[in-house]
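**Q** Here's a structure for you.
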Ligand SMILES: Nc1ncnc2c1ncn2[C@@H]1O[C@H](COP(=O)(O)OP(=O)(O)OP(=O)(O)O)[C@@H](O)[C@H]1O
Ligand SMILES: [Mg+2]
């Protein structure tokens with residue numbers, strides 16, 4: 001297990017390095033320059049000063065090593081857009097709200113999606129199955145920018161049950177959280193259902209039945225435990241996806257999160273901001289995947305005791 | 001009567017599929033005596049597994065359905081009439097089953113020990129310690145060395161042969177009266193096959209369990225079984241003691257079967273002759289004898305009416321029109337087959 005964990009860790013570092021380099025290359029090749037529309041109007045010598053200030057006049061490889069060095073020290077640079085703001089401080093300010101919203105909706109998706117999928121699989125081919133899968137199709141096909149306003153308007157404004165926007169406490173999370181999680185919930189429900197049906201068809205379930213175990217222990221001890229494995233592997237990406245996907249929902253419900261920053265930095269060719277946020281999200285993704293891998297290893301003995309430890 | 005552990009009468013099982021009704025088992029009858037080993041042979045798809053799994057009510061319902069017939073177990077228990085709940089108490093405690101593929105028959109995320117004790121704890125309500133002790137005993141019994149460390153291992157850490165031994169241990173955990181083994185050696189390689197068969201033979205002598213063994217291997221039949229049932233297209237076409245069926249086969253299908261299956265124990269025992277043609281469609285089984293279309297001796301009557309079983313001795317019977325007093329005598333194309341018993 002230790003070896004497995006270490007190996008995962010090294011993979012994580014390598015992947016991170018690749019991502020940082022990749023964003024660097026990508027940034028250098030994007031059309032347009034960071035001074036935007038103004039670019040042509042800025043006098044040549046002023047521009048040169050600005051270029052020097054941001055280190056854009058140095059040879060590429062120097063820019064690269066400098067960049068990597070800074071990133072390793074946790075310095076993601078200064079925004080082009082707002083020259084007096086560091087990328088890290090923007091993240092510090094916006095990320096907590098995005099993270100809370102992301103965690104909340106991932107939990108919602110897991111806590112509703114998995115039971116829904118399990119339920120559907122146990123009622124395979126019956127009306128309950130079709131109903132559950134109908135909900136799942138809705139979830140996949142209704143984007144959050146449609147569901148968000150509907151919830152905000154009807155539940156928030158018309159019925160007045162929950163706050164229609166802003167970010168001031170737990171109850172403010174419910175509507176945006178649900179709008180954000182519906183699609184994920186649907187994906188999880190479908191995946192869990194498929195996985196359950198697959199496991200229910202396995203020979204070892206027949207063995208369990210031949211032992212005379214009752215339905216509940218067969219489902220609980222033999223089916224869910226095995227069916228959840230493929231779901232765990234995608235939980236990490238799903239979680240990160242949810243955090244990064246908060247953007248639209250943040251706008252609709254006026255949540256002061258990070259998603260908004262990302263978009264505006266793309267519009268204004270804010271190189272440091274884009275690459276900084278990309279790297280930040282990549283790190284989050286890596287860490288989350290790292291932990292899901294570890295959890296997976298704990299749940300699946302074939303990995304825990306497999307090549308890693310012997 | 002009291003020495004019969006299982007009595008299957010005119011059992012019919014169908015699967016309701018989108019394409020229609022698959023008549024997998026179409027009237028199977030046989031008795032199994034206490035302590036007896038009965039083999040079921042027949043081509044792929046003839047309903048052996050369905051018959052076996054129906055006895056344990058393991059086929060999923062739906063799509064499967066017991067259309068008619070009775071399965072009388074241990075004197076007076078009518079298996080076909082039990083509720084799911086009642087059946088759970090019999091499965092695993094009174095009846096055990098061993099499946100074909102040991103690689104997929106064990107739960108990959110549960111330790112071997114737990115998989116053995118699970119049934120014990122449910123049926124015998126014993127403590128964890130007592131169950132563990134019994135698990136060690138069972139592993140010893142099935143010939144697994146170092147049981148203390150094995151019970152903590154997961155299936156992927158064991159070889160195929162060992163896994164099948166574990167499956168046998170699981171099935172024997174509660175001392176069942178009936179053990180059903182569905183092709184227990186098919187998925188194993190030859191040397192391991194022999195070991196597993198030896199083990200099963202030893203266990204059948206040691207324990208009082210009656211055994212039904214499904215196999216494609218006539219060597220296994222000769223080695224283990226006292227009686228044999230030949231199935232074709234969901235029916236029993238011939239049954240009798242192993243000697244009777246091997247040395248005096250009466251049904252043309254049995255002749256074909258004996259000539260088509262290799263026997264490792266008989267070097268140069270004649271060329272293999274596959275039975276030409278394929279088994280009938282179980283969606284719409286023929287009106288007459290199901291084998292008529294492939295039978296070189298088929299007569300008009302065979303196409304029109306299904307023959308009843310003709311009793312030849314106390315144990316031996318076959319369902320073939322050739323056994324009718326008015327039928328022409330035909331030369332049997334198989335030399336007395338099968339290996340000498342014992
Ligand atoms: N779940 C199912 N749905 C529909 N038909 C089925 C199902 N299970 C079995 N059958 C049909 O029942 C018939 C008998 O199958 P069975 O598995 O008993 O054959 P078998 O004699 O065990 O063959 P094999 O030697 O290949 O194991 C087959 O024709 C098969 O198509
Ligand atoms: Mg079979």
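Using N, Cα and C of the backbone, Cβ positions are placed for all residues, glycine too.
Remember, TrEMBL labels are computer predictions, not curated facts.
Take a look at what TrEMBL says about it:
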type	residues	note
DOMAIN	A:95-296	domain 'ABC transmembrane type-1'
TRANSMEM	A:9-27	transmembrane segment
TRANSMEM	A:101-122	transmembrane segment
TRANSMEM	A:134-154	transmembrane segment
TRANSMEM	A:174-192	transmembrane segment
TRANSMEM	A:227-253	transmembrane segment
TRANSMEM	A:273-299	transmembrane segment
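For each listed feature, how buried is it and what is near it?
**A** Tertiary proximity for the transmembrane segment (A:101-122) is limited to same-chain residues at least six positions away from its ends with a CB under 8 Å from its CB atoms, namely 128-129, 132-133, 135-136, 173, 176-178, 180-181, 184-197, 200, 219, 224, 227-228, 231, 235, 238-239, 242-243, 246, 249-250, 255, 257.
Counting same-chain residues at least six beyond the ends of the transmembrane segment (A:134-154), those with a Cβ under 8 angstroms from any Cβ of the stretch are 116, 164-165, 175-176, 178-180, 182-183, 185-187, 189-190, 193, 245, 248-249, 252-253.
If one looks beyond the transmembrane segment (A:174-192) by at least 6 residues along the same chain, the residues whose Cβ comes under 8 Å of a Cβ in the stretch are 101-102, 104-106, 108-110, 112-114, 116-118, 120-121, 132-133, 135-140, 142-144, 147-148, 151-152, 155-156, 162-164, 227-228, 230-231, 234, 238, 241-242, 245-246, 249-250, 252-253, 255.
Residues 97-99, 101-103, 105-106, 109-110, 114, 118, 121, 143-145, 148-149, 152, 164-167, 172, 175-176, 179-181, 184, 187-188, 191-192, 195-196, 198-199, 259-260, 262-263, 281, 284-285, 288-289, 291-293, 295-296, 299-300 of the same chain lie 6+ residues outside the transmembrane segment (A:227-253) yet bring a C-beta within less than 8 angstroms of a C-beta in it.
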